[in-house]
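Peer 1: Let me begin by handing over the structure; questions about it come next.
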C-alpha cells in the first residue's frame, strides 16, 4: 500500500497530512521531490511533479507490478490511476477519462504518453494482429502529432501548442479496437512569428536538418534553418531535441499509421511551400505592389501543383464581388500583401495539421461495429491540453487557453467539490462543509451570451466600418465595468502596470493575467482571402484539394459568414466538457517545480502558485472531510456478500442496507462508514482495500466450489452421453460387421463360375474390428484361388510353373530380367526351332545318355560359352538332368566332355544385369563358370532364370535340400581348383558375342553393345554403356557402338534390316506411336493397339508407309501378334499385298471372316507312329461307322491322315466329326499330330471357349492347294474334333502363311500367365 512507504519519503497521500495547510502541503511535496518520489495521491487524484530527468520507473517490471492492482496497493504512480480507469471501464462497463492538467512545462505530454504505453502493455494478451495494429497506430500517432503540434518555448522544450483529447475504444474483452483524436486551437500564429528564445513547430526543423539531400533539393530547400524567415528566429535557441533522429522517427510512424508515399511527400511539400512563402517579399512604387523575386513563387507553384501566375495573382490581388454581381480585382497594399501572405502560411499549416489528425482518425476509427455482435463498446478518454499561461505579452491565444483551463477547473469543481457535497446532502450524510472558490463567475465573464468577452469580440468583428482593437476595448470597459474579475487602465487609473487603450486584466482562479488587446480582432476574424482557398482547391495535388473543400464556391456565391475563432473554440470546449462530464473522471495534476528545468531546484513560490490555481488544497480538504468511496447498497452487497457468512449466498434480512451493515460490523468498520439513503460511504480507502483483500481471498474458494459443482454436472452429462455413444457404437459395429459379411457374400457369390475365380473382385473395406479376420479371409481366398488355378494346370505345365516359382523365390526381385513372361522349353538343344541344325543329333545323344546313365528327365539344356582354368573359352553344350550335369561338344555329335554329379553342386551365383553368366559352385571348390547362349527361337531370351528355377526346384522338391542362389550387383566370386577368383561384366563396342577375357582377379565377361529388350522404365545415361539412365535431348550414338548417336528427328525411318538407335526392334519392344522427336527416357514404348493405323506422311516405327510398301510374311508387323478378339476387314488386301493409300486395320468384322482366336498349325519335324484306323462319331447322324480316319501317307517330316467314309469321300456339308486321340499316342513330347483332308486340304484347329477343358479345337477355315505363297481365301467349313491328353509336344510359334500372328494353342491357363498368377501365393502350390 502507498501508506507503507517509509516516513523518510513523506506522506504518499496528502489526505494523510496532519494539518491541511499550504505550508504542510508544499513541505511534503518538496520532500518527495527531493527523494525522487514525483507522484503523490489526493484520494484518487495523482499529483505529478516534473523531475526534469529520466527515471527508471516505467519499465516492464513496473507495469507488471501495477497490472490489476488496487489503487492504494502500490506507491503512487501514473500506472495506478491508469489501471484504475481501465478496471472501472472493464469491470463496470463504464466510460472513463483521465484529465491531465497543469501549466506549460509541467509534464502533461509525457504523462499522456506513459498512460498510453501502460494501456497498450496490459491489453491484448493473446497478441491478436488487428488489436496490435490499433495499438501501434495509437502510440505512433503521438510521435506525429508532437512533430507537427509541439514547439520549443521558453518554459518547455516540447510544449504542446494545441489541445488533444483522445478517445480509446475497447471491446468487451478490454482490448482496444480503435479511437478518435480531437485537436483544439492550434497556435498557428507561431508559424510566422515566435517570441524571443522560442522556435517554430518541430516539423520545420526536422525537415531542414533531417531531410535527405535529394528530398531538400526536390523541395528547393537548404539544410540551414537560418536561411528562412519563419525559422531563423529559433536557430540560436538551445534545445534538447534531436531533429535528425526525430525526422526518421516521424517518417517511420507515418508509414506504420498507413500514410502512402504520395501523402507523405505532399505533407513535406506543403511544409516547404510554407517556408518558401516566408521568402516572398513585396515592393511598392506608390501605385501598385510587385513581388521582388519570382523564384520562390515558381517553387511554391511547383510544390503545390498550381499555376505560377495564379499564385502571384492571389498574393497581389483580391477578387471582390459587388452588390450587382460584378467581379472586380482589387490590388493589395504592401502591408495587405504581407498580411495575406502570412495568413495564407498560417492557414496552410492549420489545414495540414487538421488533415493529418483526420487521416489518423480514419485509420483508427472503429469500423463495422455492431453492439449486438461485438458487445458494449466502452471508452477511455485521455485529455492532454495546454495549461494555464501567464506571459509578459499575453495575446488572443493565451486568452483562449486560459478560458479553456477555467472551463476544466469548473468541471473539476462540479465533479469533485460541488457534486460531492451535493451528494452528501441528498443522501443525508453529515459532514463538515468546505468553502471553495467557484469559478463559474469567471467562465460567465468570458462566454456569457451578449455580455461576455467573446460576444463583445464577435460583435466588434461583425460591425461594419473601421472597428479597431481600441474601440473593442472601450466596448468591454463599458459593458464589464462592474464585473469583479475584470479591469483595465481606464477602470483602474492608478494601476500603472497597464497602459491606456492597450491592456485589460482578468482575475482568473489561477491568478491575474494582463492581456495585450492589439491583434485580438484580426485573430478572432481569422481572415483569409477567398482567392487562396480557390487556388488550393484547384491544385492538382489531391491532398491539397481535400484540405480546402470551401474553395469550390465561386466568388459570386453568397455564403453564410463563418464563425469567429473565439466562438469556434468556445463551442469545441463546451463539447469537450460535456463529453468529459458523462464519463467517470480520473485526474493527473502536473506541477512545474522551477523555471530553470533543474532536477534539484524546487521553487516554493512557483509551486505555491500552481497548487493554488489547481485547487489541490481544497481537494485535500474535501477528501479529508468527506468519504473516499461511495457505492449503492445493492452493488456493494453484490460485490462483497461472499466475505460474510450472514450474507452468502443470499441474505434473509429486511433490506440490502441491513445486509451491508452486517458486513461492515463483521469487519469492525462502523466508525469508518456512513449510511446514506441509497449508498454506503466509506471514509478511508484502507477499509475498502481490506474488503477487497478479503474478497480476493474468498473468490478462488468460491470459484473452486462452483467449478466442482459444474464439473460434476458436466461429468454426469458426459457419462450419459458416453453411455449413449457406446450403445450406438455397439449397435453400429454389429451392423458394420454384418454389412461387411453381406457385402463379401454378395461380391463373391459367383466366384466359382468366374473365369478368374474372383481375383478381379475388389474386397470391401473392412471395419477396424474385422481387420485381422479380413486379412485371414483374403489369405484363404487367395489359397483357394491358387488351388483352383493349380487344379487347371495341365500336368505338362506343372514343372514349368514350379520352376518359375522357385526362380522368383531364389532371385528375390534382385534380378529384373529372368524370363518369367515367356514359356520355358527347358530342353533347348532338342528343340527343332531353337536348334534346327543339331536338334536331331542331340536327341540321339540324349537317348543314349538316358539309357546309359539312367536319368529320368532333362532339367535344362542349351548352348553356353565356358571358360576353364587355362583361361580358354569355348562353345559347349550344357545338359542338366536329374542326376548329372554334362558338358558336351556340339561339333562332335554332342560328345560328353565332362560329367558332374548333381549332388556335387552347392549353389550358384548370377549377376543382377541382363547378361547370361552363371557360376555353379561345387563342393570341391572347382566351380563351373559359363555364359548361356541364345538360340534361334528368340535371340533375346533370358535363360538364366530358367536354369536357376530348374535347379532350385529340383533340389528343394526332389532332393529336399536347399540350393542357395546369390545375385551379385558387381563382381561374381567363385573358385577354380580351390583358388578364389572373381568375374565382372563389361560392355564392349563391336563385340559380336559374349566372351570371357582374363583379368587380374579372374575374368571379365565382355558383352556386345546391344542393349537387349527395352522394357518400360529402362533408362541410360550418356557416356555409359549400360541400359540404365535417361537419354537426354541432343545425345548421340552410332549404330553398333556404345556412344550416343542422336535423337530421332521427324522423318527418320526404322528399317527392318538396319539397327536403330537401340538396336533392332525385337518382339516385346514398345514405343509410343506418333513420337518422332527426342525420346528421353526409354519408357515411351508400348504395343500399338488394334485400331491404330498408318496415315501417309506420319512417321511410324519403320518410316512412313508409301504406296507399294509391303508387309513381309513371317513378321508380326506394327500390331504384333493378333490377340483374341482381333478382327480385320476383307476390303483391305491383307498382309500379302501392298497397302494402298487409305488402307487400315479396323476392329469391325466385315465379310465371311469370323473372329480370329488362338490358331494353330499342326506340324512336326519328327516321324510319327499312327494308331491306325479309328472309328469316328458323326455328331449329326449318330452313325459310328460314318467317318474313318486313316493314315494316308508316311513321310519323314510329316504324317498325313485322311478322312473318309465307308461309302465314299467325306461330305463336309452333312457331317461333323469328333476325332479322339488316345493318351498314349501323345506321351512322347515329340509327337505332333497333323490333319489333312483328302485332296491335300490342310485342317487348322482353334480352341473353343465353351469347352471347359480348353482343348476342343474348331476348324474355322481351310485353304485349297499347296501350302505355299499366293494363297487366296476360300469358303468356310467346320470340322470339330477333340484331342485328349494335352498338347505338350506341339511346338509354339509356328506360323501358318495365311494368318499373321498365329499362336500355339495354350492350356486353359497360359504358360506365360500361370506362373506369374500363382507366384502371388507360393503357399498355394
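Note: Cβ is positioned from N, Cα and C throughout, glycine not excepted.
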Peer 1: Can you check which of 1184-1206, 1207-1229, 1230-1252, 1253-1275 TrEMBL lists as region 'Disordered'?
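Peer 2: Comparing 1184-1206, 1207-1229, 1230-1252, 1253-1275 with TrEMBL, region 'Disordered' matches 1230-1252.
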Peer 1: TrEMBL lists region 'Disordered' for one of the ranges 952-984, 985-1017, 1018-1050, 1051-1083; which is that range?
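Peer 2: When 952-984, 985-1017, 1018-1050, 1051-1083 are checked in TrEMBL, region 'Disordered' belongs to 1018-1050.
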Peer 1: According to TrEMBL, which stretch among 550-572, 573-595, 596-618 corresponds to the feature region 'Actin-binding'?
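Peer 2: So the range that TrEMBL calls region 'Actin-binding' is 573-595.
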Peer 1: Please give the average pLDDT for the domain 'TH1' (813-1009) in this predicted model.
Peer 2: 89
Peer 1: Can you tell me which parts of the same chain pack against the region 'Actin-binding' (573-595), counting only residues 6+ beyond its ends and a CB-CB cutoff under 8 A?
Peer 2: 29, 33, 42, 44-50, 52, 78, 81, 84-85, 88, 94-108, 111, 115, 155, 165, 182, 184, 379, 381, 383, 387, 403-404, 407-408, 410-412, 414-416, 447, 601-603, 606-607, 610-611, 614, 616
Peer 1: Ten-angstrom check, please: count other Cβ atoms within 10 Å of the Cβ of residue 107 (ATP binding site), all chains counted.
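Peer 2: For residue 107 (ATP binding site), the count of other Cβ atoms within 10 Å is 23.
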Peer 1: Using a Cβ cut-off under 8 Å and a sequence separation of 6 or more, which residues in the same chain sit near residue 104 (ATP binding site)?
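Peer 2: Expected: 153, 155, 156, 159, 160, 386, 387, 389, 592.
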Peer 1: Measure the Cβ-based neighbour count of residue 106 (ATP binding site), defined as the other Cβ atoms within 10 Å of its Cβ.
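Peer 2: A count of 25.
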Peer 1: Hey, for the ATP site built from 102, 103, 104, 105, 106, 107, 108, 109, who else sits with CB inside 8 A of the CB center?
Peer 2: 50, 156, 159, 387, 590, 592
Peer 1: List every residue in the same chain as residue 109 (ATP binding site), at least 6 positions away in sequence, whose Cβ is under 8 Å from its Cβ.
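Peer 2: The answer is 146, 150, 158, 160, 384.
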